[in-house]
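Chemist: So Swiss-Prot says this about it:
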BINDING   ARG6, LYS7, GLN152  substrate binding site
BINDING   ALA62, MET63, THR64, SER93, ASN122, LYS184, THR214, GLY258, GLY259, ALA280, GLY281  FMN binding site
BINDING   GLU153  Mg(2+) binding site
Amino acid sequence: MVRAKRKLDHIEYALSTGQSRTHGFHDIDFVHQSLPNSSYETITCETKIGELSLSSPIFINAMTGGGGEKTLHINEQLAYVAKHHNLAMAVGSQMAALKDESEAASYKIIRKVNPNGIFFANLGSEATVEQAELAVDMIEANALQIHLNVIQELTMPEGDRDFTGVLQRIEKIVLNSKVPVIVKEVGFGMSKETMQQLASVGVTAIDIGGQGGTNFAAVENERRQRMLSYFNNWGIQTATSIIEATSTNNNLSFIASGGIQTALDVAKAIALGANTTAFAGYFLRILMEDGIEKLVDEIDLLHTDLKFIMTALGAKTIEELQSVPLVVKGETYHWLTQRGIDTTHYSRR
C-alpha cells in the first residue's frame with residue numbers, strides 16, 4: 001500500500017513541479033545550410049538502439065505502474081498512443097508488481113493493447129537476476145531498463161541509503177539477460193566516468209536521463225517534512241551529458257532524455273550523438289490535462305517538425321543528422337572545457 005501510494009504521489013508532484021527546461025540545448029546552435037540538397041518527402045526517421053530497430057527517434061519513456069487502477073489507465077492510454085504511432089515504450093519500475101502480484105495488471109495492460117509493440121521493462125539497480133527475468137517476462141519485454149536514482153532515493157523519505165555493489169549487480173543482469181539491458185538515469189545526468197564503468201561490465205545502451213525535465217529531487221522534497229533543497233539543482237544537464245557520453249569512445253548506443261519537448265530538442269540531441277530520444281513528463285502532462293487525442297496530435301507534429309528541421313540541415317536520415325555541424329557555446333561549453341572535452345569537432349565536420 002505504501003509503494004502504491006508513492007506511485008500516485010509521483011504522478012501528482014511530477015505534474016505540479018513541472019519541467020525545469022534547464023537542459024542546455026539553448027547552448028547548441030546548428031550551422032545553417034543554404035544549399036541543403038534535400039527533400040522533405042525523402043526524409044526517413046528510422047534509428048537503432050544497439051541491435052533494436054525503431055521506426056522513430058522518439059519513444060515514450062518510463063512513467064508509472066504499480067499504483068492501482070489509475071496507473072493501469074495511464075499505461076493503457078500510453079500503450080494506445082505507442083501503437084498508433086508505432087513508438088517504443090517503457091513502463092515505470094515493476095518492483096511494485098514483484099512485491100505485490102495484484103499490481104502486475106497495471107503493467108501487463110500494455111501488451112494487451114499493443115501485442116506487437118516494442119516495450120522496455122524497468123527495475124531499479126537493487127534488482128536481482130531473478131527479478132530482472134520476472135520483469136521482462138511480465139510484459140514480454142524487448143529490452144530491460146535498469147534505473148540509477150541515487151539522488152531520488154536519498155531525498156525520498158523511505159528511500160534507500162546504501163548504494164554499494166550496484167555495478168556488480170548490473171554486470172550480473174547483463175550477463176544473464178535474454179534481452180538488451182539499458183541503464184538509465186532519472187533526471188540527474190551521467191558523467192563520462194559513469195558510462196565508462198557501465199561499458200566495462202558489458203552495458204551497450206545508456207539513457208543519460210539529464211537534468212532539465214521532471215526533477216525527482218523536487219518531487220520527493222514535496223513528500224518530506226524537512227526538505228533537502230540542496231538536491232533540487234543537482235545534476236548534469238541533458239546536452240552536457242550527451243556530449244560527455246560521446247566523448248567516451250565506447251561502442252555504446254545513447255538515448256537522450258531530460259526535458260526534451262520539441263522537435264528542435266530532438267534534432268539537437270541526435271546531432272550531439274544520441275541515437276534516439278525519450279519523452280516522459282511532457283507527454284504525461286498532455287495526456288492528463290488535454291487527453292489522449294491531443295497527445296496523438298502532438299506526436300504527429302513532432303515528427304513533422306523534425307522532418308522540416310532535417311530538411312533544412314540536409315540530413316536525409318538520422319545517421320546523417322548525427323553528422324551535421326553545430327556550435328557549442330555558453331555554460332555548456334565552459335563545463336565541457338573544464339572537463340577536458342573538446343567540442344570543436346562538432347563545428348568543423
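The backbone N, Cα and C atoms fix where each Cβ goes, glycine too.
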Chemist: Give the three-state DSSP assignment (helix, strand or coil) for ASN122 (FMN binding site).
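Modeler: Note: ASN122 (FMN binding site) is in a strand by DSSP.
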Chemist: Measuring Cα to Cα, how many Å separate GLU153 (Mg(2+) binding site) from THR214 (FMN binding site)?
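Modeler: GLU153 (Mg(2+) binding site) to THR214 (FMN binding site), Cα-Cα distance: 15 Å.
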Chemist: Would you count the other C-beta atoms found within 10 angstroms of the C-beta of GLN152 (substrate binding site) for me?
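Modeler: So the number of other Cβ atoms within 10 Å of GLN152 (substrate binding site) is 23.
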Chemist: For THR214 (FMN binding site) and GLN152 (substrate binding site), determine the Cα separation and express it in whole Å.
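Modeler: Roughly 11 Å, rounded to the nearest whole number.
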Chemist: Of all the binding-site residues here, GLY259, GLY281, which one's CB has the most other CB atoms within 10 A?
Modeler: GLY259
Chemist: Please list, in sequence order, the residues in the chain of ASN122 (FMN binding site) that are at least six apart in sequence and whose C-beta is under 8 Å away from its C-beta.
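Modeler: In sequence order, the residues whose Cβ lies under 8 Å from that of ASN122 (FMN binding site) (at least 6 apart) are ALA62, ALA90, VAL91, GLY92, SER93, GLN94, ALA135, LEU144, GLN145, ILE146, HIS147.
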Chemist: Is THR214 (FMN binding site) helix, strand or coil when read with DSSP?
Modeler: strand
